[in-house]
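Features reported for this protein in TrEMBL:
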DOMAIN    79-159  domain 'Cadherin'
DOMAIN    160-268  domain 'Cadherin'
DOMAIN    269-383  domain 'Cadherin'
DOMAIN    384-488  domain 'Cadherin'
DOMAIN    488-598  domain 'Cadherin'
TRANSMEM  615-636  transmembrane segment
Amino acid sequence: MRTYHCFWLLFWAGQPHQSFLTPLSKRTSGFPENEKVLVLSGNSRQDLHRSKRSWMWNQFFLLEEYTGTDYQYVGKLHSDQDKGDGSLKYILSGDGAGDLFIINENTGDIQATKRLDREEKPVYILRAQAINRRTGRPVEPESEFIIKIHDINDNEPMFTKDVYNASIPEMSDVGTFVVQVTATDADDPTYGNSAKVVYSILQGQPYFSVESETGIIKTALLNMDRENREQYQVVIQAKDMGGQMGGLSGTTTVNITLTDVNDNPPRFPQSTYQFRAPESTPLDSPVGRIKANDADVDENAEIEYSITEGDGYDMFGITTDKDTQEGIISVKKALDFESKNLYILKVEATNTHVDPRFLYLGPFKDSATVRIQVEDVDEPPMFSRPAYIMEVKEDVPLNTVIGAVTAQDPDAAKNPVKYSVDRHTDMDRVFNINSGNGSIFTSKPLDRETLLWHNITVIAAEINNPKQSSRVPVFIKVLDVNDNAPEFAMFYETFVCENAKAEQLIQTLSAVDKDDPYNGHQFSFSLAPEAASSSNFTLQDNRDNTAGIFTRKTRYNRHETSSYFLPVVISDNDYPIQSSTETVTIRVCACDHRGKMLSCNAEALIHPTGLSTGALIAILLCIIILLVTVVLFAALRRQRKKEPLIISKEDIRDNIVSYNDEGGGEEDTQAFDIGTLRNPEAIDDNKLRRDIVPETLFMPRRTATARDNTDVRDFINQRLKENDTDPTAPPYDSLATYAYEGNGSVAESLSSLESVTTEGDQDYDYLSDWGPRFKKLADMYGSMDSDKDS
């Protein structure tokens, strides 16, 4: 609705005159704020005069969001100097002048050209002036006036968030704070109720409520259970104009989640569980899993399982799987079907985090019965002991039984068992075992001094199923017997001074014994009977396993006797008594007056006709050098005789003649000179071996040249006899070729393989004339002829 106000503008001319008021048009939207009236007095009479003044202003008001088709009228400017003759011109400047606001320069009417929005700009400050059109000079000073935009309710309330998210614990009391929502209105809060917002709930009752003035959302229903419903969606409305009809409104959504509290105890879905476990189940292996259900989540659903009672309380254990909250039942002790095949347990499930506020709902735990059936399996034999220790004397005869092991099949079938020794633990096969009764006996002699302990392993296996076997260690200790004689602890070689006195100690003896008697070693020392009376020394037994050697006479002469060999008999005190005779070497030496040895060599006596010791040594060295020279010369000479003439590595020849090897043909010229067979007349009788120097150069015997067209058989016979009787022909003569097969050979082939292809019969009687080397071949082919004749 458009409202019009009256506005007066008065302008006084230069000369004093009676004032008058010009009423403004009814279209003016402004209204007079406070008209200033000045009372002016004359010279001779007291008259009322209005003093000269500038503009008289009123404040203009304009409604926002004008929807008319014409420009919106704001107000009118007027000067009292305006005679209506168009000599004055009104000018407008300031906020929006010429764009939002225009003025009629003739009449001073101000109009708004566009819709105005108070929320964008609530106040406009403008300046007005009246000027003379002809001179362009202002007739009034420039003054400011204000245009205020009046608000209308054109903005709905807006929430600070499009969607709110909140959470509260389940089972909360009524009136528990949830969240506060806030909406703002862009309208002028000082003008009317356009910006007064009231909140209300459109969706979410009867669970929640909202305070109309503050926007605080609270619970409105008691004992809301998350397990029944976890998510709630609440719609809140904010309406301006104080909630009156015609006001604008806005809405927002609040998503409310109920968080979990521990208000539900764990519950087993069934009262009894049954599992089966083979008796061979390893320790700590799982048998089965059970689970109690808890409607809560996260830490409120954590459960701890325990075995509270039952006959398998110590046989089984239970732990909690943190990921699945299951109870895992496992084996703590070895199961035995034959001993017990059924266990009954009582398992309890308890919450680990209990909320005291909900204890009134009942105990937060539950129990169930678990039955575990033990299944029988085919078990290996079991020994009566985990290990065996046996003792045996080292001198026992072979096949002596030293002990026995025992094993039985623990199954109800009681299958028979056989025993054996693991040979990886008894590589020398010192012991053996009776496979039927498990008795262990010796199979080789024992020696405690070589090996004190024998650690073997015995295997017991079922006869019907050898795969079912078990092992047990057997430790065999070899006991000592007195089978070793004592002996010196070291090799004793001592000396006696030539100037020694009688009864002087020259050496202390000690002995050792490989045996280990129970009461320790007790040795006795004495001189051998053959030396007891004639010895130049005496022996004293100290009774502490040592003995001392003393001199018997006063002086000794190293030129007469340089060394003495004293036999000493050492005996032990065990049964049977063992003794040995050891020899002590005593050298006679020259000593100083303090008994310190100077020399023990006997000085050679120098005779007029004899040689000194140095001369004898020189002669001996010369003889040795001469012998070494002769031996070296003979060895070098022998090697020169055997040295081959051809020493090239690429020309080494094989001089071993293999009579059962077939050659490589006439082209094989590397090892043999076969030119003789190609042309028998080209034989050089004087031809010697090229690879070895002959030891003795004999003149070879001259043989007659083979005649032309001589049969190969006669040629080979002739060469065979010559080589058998020739002493210069070694057995590896490369020319001693008794058979050769090749293409186009003059000698042709001696192989019997081609004889079957000949049309005529062959006569092999001549093979008997070739000597004993061809006897087998002659018998073979001779028998073939006899078979053919028959």
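Even glycines carry a Cβ here, placed using N, Cα and C.
Nobody curates TrEMBL annotations by hand; they come from automatic prediction.
For the domain 'Cadherin' (488-598), the number of residues in each DSSP class (helix H, G, I; strand E, B; coil) is 4 helix, 53 strand, 54 coil.
As a summary of secondary structure, the domain 'Cadherin' (269-383) carries 10 helix, 56 strand, 49 coil according to DSSP. The average pLDDT computed over the domain 'Cadherin' (269-383) stands at 91.
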